[in-house]
Amino acid sequence: MMLKLEKRGQFSRKFSAAVTVIFVAASFLVAGLIFEILGVRAVDVIARLFEVYLSERTLLEAALRGLPLGFAALGLTVAFKMNFWNIGAEGQIYLGMVAATGVVLLHAYYGLVPDFLVLPLMVVLSFLAGGLYCALPAFLKAKLGVNEILPTLMLNYVAYHFVNYLIHGPWRDPKGFGFPLSIVFPPYARLDTVLGHTAYIGVPAAFIIAGLLYGFIMYTPAGFEMRVLGQNYEAARYAGVRIGRTLLLGSLIAGGLAGLGGLTIVAGILGRMRPPSAYVGYGYTAIIIAFLAALNPWLAVPAAVFFGGLLVAGDVIQATLNLPFPAIQILQATIFLMIILGEFFKRYRLRVVI
Amino acid sequence: MSGPEYLVEMRGIVKKFPNVVANDNVSFTLRPGEVHALLGENGAGKSTLMNILYGIYRPDAGEIWVYGKKVDIRGPRDALALGIGMVHQQFKLIPVHTVAENVILGLREQGFVINERKINNELTQLIQRYGWTISPNSRVWQLSAGEKQQVELLKALYRKVRILILDEPTSVLTPQETVALFQTLRKMASQGLGVVLITHKLEEVFSVADRVTVMRAGRNVATKNVKETNIEELVELMIGRPLLKISSTRSLDTSKPVLEASGLVVLGDKGLEAVRNVSFKLYRGEILGIAGVSGNGQTELLEAIAGLRKIMRGKVLLDGVDITNRHPQKIIDAGVSYIPAEVLRYSAPEMTVAENLVLKAYRNHLFANSLMIRWRDVNRKAEELVKAFRIVTPTITNKVANLSGGNIQRLVLARELGTLPNTKVILAAYPTRGLDIASTEQIHQELVKRAEQGVAVLLVSEELEELMALSDRIMVMYRGEIVGVLRRGEYDVEEIGLMMTGVKRAEVSA
């Protein structure tokens, strides 16, 4: 008896979704096994996790925690579609936070604009900051042919330390007893004051953006160009795609959305800026979410809420089961590995040859 | 040699794939000592039939008899046990291993310890018997395509096959290698083997085969002794009708060139000059052929005109407007369409047939307004082109990666000839390479039709017959230079052949 891998032909979207669901389910089994080894009943852990999605309060919390992930993941669907391997959502999130916080601080100290204009200004500037931060490696790629993976990755560290510098230095609250915290944002600069809870405005906004992105990718010439570019660089050149322009536009959107994710952290979750160690890793988790959603913007939003729930569950598990928070990262990582494995089995089938 | 009359007898073979019946009640026989050509157009079902015999596919219905006994072949291992071997289009060799290692790979009879000397001796004997040049110890990556094929044949001979199937074996060979292969096949037949040669090239049937079975659209339409048939009959059997004659009533307007190249210098991939000081004028309605052994700068010349490769010196004018080194988009919009030689390199494989058809035209007002692509219009056009260019695909939303090579080529032609308005110049690089007869004929008709409508065509080809039939003038390229230009009426195969080796026109006629 022998196992043989066979290439599958074309597969349907339904099949693809089914495989993903099966493999995500399988990741719970694998992670459960690890929990058992750690001496915790896997059933308990997974029950705690699903309880998160069942009560309104924790579900709202999951949606809230999922927002930065979701915005960043939405951006990544665009970047990855055009074969721009942006590993830098993390840094772009930080830049979005910096821009948003910068607006608040400037306004608080110097009174720039009328209060009601502060939030819109934060939205625009955090988008631009994240977008330009992502456009920088795109520019290097377009002009000099520099592969984007390392620059986007390394700019994360630059951004991390930049935020650290700001919060330990000039942006520290002068009345904050030396803690590395900014001032608390005033109500007009906070998302939770708009409709009572950040998720109430954030989730619909994410869905609207998902719809816009979907339409952009599928129906506009620029989106078509991004898809062609993602498929085959030579074909894109041949088709007359203006590659530099396409890369810049796509990366601006991708980084911009990550920047909005940063905005939701400071203006929606924390209400102030904290040192980056408080939210490190969101940009990487967003990569997992983009792939879990199969680069479909519509699916990125629920996938982000799902991952937001994992974060919430992490806190719960830590508190009630006496497991360290990284336990939940085991689950995240297992899910990611299983998604990759699932992608493989979408393309190949295992056959037993006798 | 006594024994059953047939080595192989396949009766009533039926094989269905989703959306297509690849073999529809096919019968086939193979005698010992014969080379049997299995002839047909792309998609006629030749490879499917032989893959069934080799056990890769299982038939939905029908019987297979080998050496007069009914057999059930469940996989290549069964086939090999019956003495059936197959050489595929893509070689299945491991490049870093030696010839001998590749030959014994997968043989169970070798036991645990491999007797290298014994094997090498046996292989050397076989190699000598067939007059080959390979050595059992050379590494496969060092070998040419023809030599790799010898390794595949060696694998089959070493396994003592009596029935050998070759799937389009000449597609990767040079003309000289092809001659050598055919000598080998004759020798194998003289040893009593039965050889099946899958092909769509008629001249191969006449140069090597004893019998020929013609397949069309999944059925076997006839089996003939090669001596008792002729090209016209086989063509008609293959495509179901006689070939159309190329006839054209176009008149050239040589007052003003559409495309004018002067002193072009273009670098190749290795940074050396691939095109040297090339100048020519192309007129409305003219087909200008470029003859030459491939790799003499033809592709680089077309890429440079299309804006895909930088022009170092010289100028290209389109209707008097300088398009030298303009962005490909500008050149497309100016009316230059380009049929590239490597079609897959210029396709988006994971995108749909419809999307690939408008790969260049998606910005065009026919398919998009200033904001959105109108997919309904795209799809309507795609349905139309799929029909007109006979692209075999279940739907226009099928991924291009799932199409066969010939179909992708037709798709590219449909894209270049069918979606771009106001085309003034068609740059065509080997547009019929690898295509079957009916498709080749269709491309020729299309190009002539465009020329009649006033489009200027720059046609690169290795097939002199094709060039002479279609072109108003033929330029010969050698090492990046134009060595001479001939007009219709002064074409001479020998002269062009000499020029292709670098002999200048003046020297030829002198």
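Positions of Cβ are set from backbone N, Cα and C atoms, glycine also.
Under 8 Å from some Cβ of the transmembrane segment (A:21-42) lie the Cβ atoms of residues 292, 321, 323, 327, 330-331, 334-335, 337-339, 341-342, 345, all in the same chain and six or more residues away from its ends. Sequence annotations record features per position, and here TrEMBL assigns transmembrane segment to A:21-42 (among others).
Residues or ranges marked as transmembrane segment by TrEMBL: A:62-80 (among others).
Sequence-remote contacts of a segment are chain residues at least 6 beyond its ends whose Cβ falls under 8 Å from one of its Cβ atoms, and for the transmembrane segment (A:92-110) they are 68, 72, 75, 86, 118, 121-122, 125-134, 156, 159-160, 162-163, 166, 171, 182-183, 185-186, 189, 254-255, 258-263, 265-267, 272-273, 276, 279, 282-283. Annotation source TrEMBL lists transmembrane segment at A:92-110 (among others).
The annotation transmembrane segment is assigned in TrEMBL to A:116-136 (among others).
The feature transmembrane segment is assigned by TrEMBL to A:148-167 (among others).
As annotated by TrEMBL, transmembrane segment applies to A:194-217 (among others).
Marked as transmembrane segment by TrEMBL: A:247-270 (among others).
For A:276-294 (among others), the entry in TrEMBL reads transmembrane segment.
TrEMBL lists A:301-321 (among others) with the feature transmembrane segment.
Outside the transmembrane segment (A:327-345) by six or more residues, the chain places 19-20, 22-24, 26-28, 30-31, 34-35, 38, 40, 45, 49, 285, 288, 291-292, 307, 310-311, 313-314, 317-318 with a CB less than 8 A from a CB of the stretch. The transmembrane segment annotation in TrEMBL covers A:327-345 (among others).
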Dominant neighbour of the transmembrane segment (A:247-270) in A:116-136, A:148-167, A:301-321, by Cβ pairs under 8 Å: A:116-136
The transmembrane segment (A:62-80) touching the transmembrane segment (A:301-321) per 3+ Cβ pairs under 8 Å rule: yes
